[in-house]
Amino acid sequence: MCQSKLRKDINEGEPALCCKGPPPARPEYDLVCIGLTGSGKTSLLSQLCSESPENIVSTTGFSIKAVPFQNAILNVKELGGTDNIRKYWSRYYQGSQGVIFVLDSASSEDDLETARNELHSALQHPQLCTLPFLILANHQDKPAARSVQEVC
């Protein structure tokens, strides 16, 4: 339903009915958000959606959030990062237009190596290899956090 208002046409001097339609649709982009358990995927998306940081629970399986921005909407599929879930990540890649890989920069060497292997696997996957990747070195506020250069 459109909003109507009466206006006078400048040239004709007679009232005319104008209709203001809904605002143009914002483009939507489908992204996949992956990373090991505890890397901060859920916290990141909650923050982007202006949700309360309280009561955040690690994702089991997957969740989908629509992240609104002024000029676009990002539909983000967040995939759980446990060992038994990671093997199913590729089933959720189809239709993705970009990838967010969240890395815990304060994690152990073993976890960092596992994250590195998962990232390389994603970068080489046929459905993702041509897509833009955002690699987020999270937890930079922790004392044990590695710098971006160390993570690279």
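The backbone N, Cα and C atoms fix where each Cβ goes, and this holds for glycine too.
Unlike curated records, TrEMBL annotations are generated automatically.
The model shown is predicted, which means the values in this text are computed figures rather than measured ones.
Quick look at what TrEMBL annotates:
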type: BINDING; residues: G35, L36, T37, G38, S39, G40, K41, T42, G81, N138, H139, Q140, D141; note: GTP binding site
type: BINDING; residues: T42, T59; note: Mg(2+) binding site
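Largest Cα-Cα distance over the residues recorded as binding GTP, namely G35, L36, T37, G38, S39, G40, K41, T42, G81, N138, H139, Q140, D141, equals 21 Å. Taking the C-alpha positions, the distance from G81 (GTP binding site) to T42 (Mg(2+) binding site) comes to 11 Å.
Other Cβ atoms within 10 Å of the Cβ of G81 (GTP binding site), summed over all protein chains shown, number 24. All protein chains considered, the CB of H139 (GTP binding site) has 19 other CB atoms within 10 Å. Cβ neighbours of T59 (Mg(2+) binding site) (same chain, under 8 Å, six or more residues apart in sequence): K41, T42, E78, L79, G80, G81. Of the listed binding-site residues, namely T37, S39, T42, the sparsest CB environment within 10 A is found at T37.
All chains included, 26 other C-beta atoms sit within 10 angstroms of the C-beta of G35 (GTP binding site).
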